[in-house]
């Protein structure tokens with residue numbers, strides 16, 4: 001048994017065969033999408049996700065600052081992040097243990113050939129276009145199996161489920177998907193998976209609608225009052 005580290009997983013035991021994924025993304029939406037997917041019931045037990053919002057925090061968890069390496073099986077990082085990019089994190093992770101480096105998968109909302117080539121040449125195991133989708137799960141498992149020297153395991157239940165029913169997210173864009181479409185897809189998945197959270201905001205939305213209606217009514221009354229006042233003033237002057 002290995003000890004998991006990081007926010008939301010510190011001190012929790014992780015069983016053998018579970019891939020400990022360090023998720024690094026400064027976008028709350030994309031981070032939430034990946035967490036929901038890798039922690040879904042259909043893939044329960046396959047991944048243990050430790051999420052952070054910056055490359056610097058990832059370095060601290062990996063022990064790149066104090067020299068104490070932590071138990072992480074894979075790093076899943078965004079490419080564009082402030083202060084320290086995913087590309088910089090990739091190079092730092094690969095330098096941590098050159099003999100048996102931790103697999104690093106880079107994510108980006110844009111599939112620019114130059115960016116992909118740059119990451120792969122620096123040692124990235126894979127490059128995935130965001131948002132993360134169910135079909136990408138097997139690619140993560142293949143990278144983990146390659147590091148452990150095992151054969152790639154068969155598709156997990158979540159991959160079979162993906163074939164049975166359509167995804168909320170749009171299909172993978174083989175051309176050049178825009179970052180805006182990727183973000184919209186991520187928002188759609190979060191809303192679909194967090195209906196309870198959305199319902200909690202319904203009373204506030206209802207109050208805002210009632211308030212807007214009241215403002216319109218008051219405006220209409222003021223308009224009528226000013227119109228009548230103008231007519232009375234004209235009659236008095238005559």
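Just so it is clear, glycine is given a Cβ too, placed from its N, Cα and C backbone atoms.
Automatic, uncurated: that is what TrEMBL annotation is.
Among the features that TrEMBL reports, domain 'Response regulatory' is placed at 20-145. Taking the domain 'Response regulatory' (20-145) as a whole, pLDDT averages 88 in the prediction.
Taken from TrEMBL, the feature 4-aspartylphosphate covers 78. Applying an 8 A CB threshold to same-chain residues 6+ apart, the list for residue 78 (4-aspartylphosphate) reads 24, 25, 26, 27, 30, 86, 106, 107, 108, 130.
The DSSP breakdown of the domain 'Response regulatory' (20-145), given as helix, strand and coil counts, is 54 helix, 25 strand, 47 coil.
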